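Feature annotations, reproduced from TrEMBL:
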DOMAIN    7-230  domain 'MacB-like periplasmic core'
DOMAIN    283-373  domain 'ABC3 transporter permease C-terminal'
DOMAIN    652-765  domain 'ABC3 transporter permease C-terminal'
TRANSMEM  273-296  transmembrane segment
TRANSMEM  327-349  transmembrane segment
TRANSMEM  355-382  transmembrane segment
TRANSMEM  408-428  transmembrane segment
TRANSMEM  650-673  transmembrane segment
TRANSMEM  701-725  transmembrane segment
TRANSMEM  731-754  transmembrane segment
Amino acid sequence: MRHKLFSFINIFGLSLSLLVCLLIMSQVLEDLSYDTFSPYAHNTYRVLTNITELKNKKQYQLASSPLPLKGELQRNEQVVQYATQLYPALKGNATFEGKKLPVNAAFTDASFFKVFGFGLLSGNEDDALAVTNGIVISKATAQKFFGNANPVGKTLDFGKMGLYQVTGVLKDNPGKSHLDFDAYASILATEQLRKSNVLPALSASWNTLNDGYTYAVVKPGISSAAFQGLLSRIQQRPELRSAEGSISFTAQPLLDIVPGSDNIYNEISRGNVWAKVLTVIGVGLIILLAACFNYTNLTIARALTRAKEVGVRKVSGATRMQVFMQYIVESMVIAFAALFFACCFIPILQPGFHFTVQLMLFAGVFTFITALAAGSFPSWILSAFKPVQVLKNVSVQKLFGNISLQKALMIFQFSLSILVVMFLSVYYRQFSYLGTIDTGFTAANIITIPASANDKIFVNEIAKISGVKMFNRQSDDFGIRGSGSLQLFLDKPVNGQGIAADYYFADAGTVPLHGLKLVAGSNFDNDNAAAESAVLINRKAVAVLGFKDAAAAINKTVWLNDSTQVAIIGVLADFYDKGAARNINPLVLRNNEAGYNYINILVNAAGKDKTLQEVSRVWKTVNPHAPFEYEWLDQKIAARENQSGTYTQMGFLAFVTISIAALGLLGLVIYTVETKQKEISIRKVIGASVNQLMFLLSKGFVKLIVIAGLIATPVGLILSVLFLQNFPNRVSIGAGTVLVGFIFLLLIGLVTILSNTYRASSANPVKNLRVE
């Protein structure tokens, strides 16, 4: 029965650790697979921009680069085979036959297909983007707008950004890509957009660094150093030098974008960074290492009951290598049984998990190495038993020496478990606290609906519904994400370096609907034709721009993104437009008819479900071909901020680390009890009580847990404080938070220790002494 218990404990512990490792391995393999399907993956580079500000010695790196850089690269044909560029300026709503949907698009050129290996289901890759107003769209976008009809030749209306004819439909990517746009339009269209002032005229200058993303495929035989040399020559242009700072370029291999660095700003998309990848790998290896040591401890403890088996096998002629291989094979069987159960549990914990051939090959090799590492030491010890000693019932505890290593490991395991429980407690309290903070804007009883082509008719009709209090239109909802960032200038810019600010397009209804506080100036006027030349800013923007106070900023002129001149007509009190977990940044609200993606409707709390039905009826009347899609804004924000998935993951990690620590302690307790059976029996014969024996056997283990607590508590406190520094609003750490992990693990340890020591202390001493 004991052997079955040991086998179960070993398999269970290894299953937990291998399960975690499989999940981590799957994520790491996915991260490493980004852009590998590109036909020139190993010869493709993205050009990063390095900015050095001489005044304050600050340096930072952008994923973007000036738009003219692509043409300069193309002229160096001896080094560059292909060059392409993405200019993600085509973001907003597109309309087709009354159906208006948000589309995230970028301008690019025909070389895009050659560089990245994207293919078309319909259309011709060579000329799809050679047409001035051509656009290729994803399958998902085609389905949303056109259903099962062939979209090629049909026209999408992007408002002020123009009309674009669909010239192709993209195939599904054959693998992961760091690019994830809904559509790609011909970059030839941007010239006319600049002439008509829809796009900033200076966006095509060398000093505008935030707009373009430049990629180049170097010719075979050209090294990365040679390409970097070309970039070094280009960066000597006088336009890239000024008294305020300098600009340089760095070649980043395509396969290094994801996983990438967290220190690169203005990323075109965000995948995992190396710091996160290495962290999860480290966590997995630590958990697996702890499980391996548990296997070793339990196998050694079990060896005391298998000593005679080894002696008989050796007397029968078995060599040490044969005995060694027997236990190695046992280790392999247990490890692969653990892998089997881990694979069975994964779909339960993560529905839809995909087992790839690559993953299972890695898992098989990984499990083999794990079994070898975990089983080698106990197998070597077991095979070293001398048959004369074990068959004479000589105590074999000397064969194992001291257990300092096992004790050190147990301290490490319990320290890790205390850290995880403590951090989970801090994490839960922090996000619970964030949910209680006033964000400064109203989200309750607000229906949010994607905009349509008939917005004005729709809002005029819903204004007649008795349950509707007011409505507004804006580019993105508060509490979800901003519409993006822009550069803000007090004077007409000459070098493209301004003050970074978040922005939203919003109409006059935004301030009263969301309950925003206007501290100076006035709100927008939707009926004023000049309203689009006016902006509202927040107090943070006032301070960053250097105005004395809010009143001093009113009617001042600023420039947006180099060339758009606007007037400040009002100043808003600061509010957490992206949620209380994020800092308040300088903010700009601009009235822009073409930029509205959502309609928000504030309704009376009483009878709001009935009002929703009325709104739905009006929508179906005004937009008969478009489905009525809505969300309650407060629920939408709550879903975004919901941390239940993270709680589950961290809870599972805590369960794994605590289980492995408890198993490690169990192995050490069993080992100690087995080796001290004679001592326990003698002490009991001469009068020791069960309580005295339990105290004698337990005090050393309790001491180890206390040491683990003394180590883990200050470390956990430091890590928790560092974690909380990421939040502008943070919870305080009290004694309860600090001690929760230690107390919880102490209780688990006491249950594990006392249950085993009680059984040993209560055993009949005659039975144990009879065999001596």
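For all residues, glycine too, the Cβ spot is worked out from N, Cα and C.
TrEMBL annotations: computationally assigned, not manually curated.
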Report the DSSP secondary-structure composition of the domain 'ABC3 transporter permease C-terminal' (283-373) as helix, strand and coil residue counts.
-> 77 helix, 0 strand, 14 coil
Folded-back contacts onto the transmembrane segment (731-754), same chain, C-beta under 8 angstroms, at least six residues removed = 414, 417-422, 425-426, 429-430, 433, 658, 661-662, 665-666, 669, 694, 697-698, 701-702, 705-706, 708-709, 712-713, 716-717, 720-721, 724
Is the count of Cβ pairs under 8 Å between the transmembrane segment (650-673) and the transmembrane segment (355-382), pairs 6 or more apart in sequence, 3 or more?
-> no
Could you tell me what the rest of the chain brings near the transmembrane segment (701-725), counting residues at least six beyond its ends with Cβ under 8 Å?
-> 407, 410-416, 418-419, 422-423, 426-427, 430, 665, 668-669, 731, 733, 737-739, 741-742, 745-746, 749-750, 753
Apart from its near flanks, which chain residues at least 6 from the ends of the transmembrane segment (273-296) lie with a Cβ under 8 angstroms of it?
-> 9-10, 13-14, 16-18, 20-21, 24-25, 27-28, 31, 259-262, 331, 334, 370, 373-375, 377-378, 406, 409, 412-413, 416, 653, 656-657, 660-661, 663-664, 667
DSSP residue counts for the domain 'ABC3 transporter permease C-terminal' (652-765), split into helix, strand and coil | 97 helix, 0 strand, 17 coil
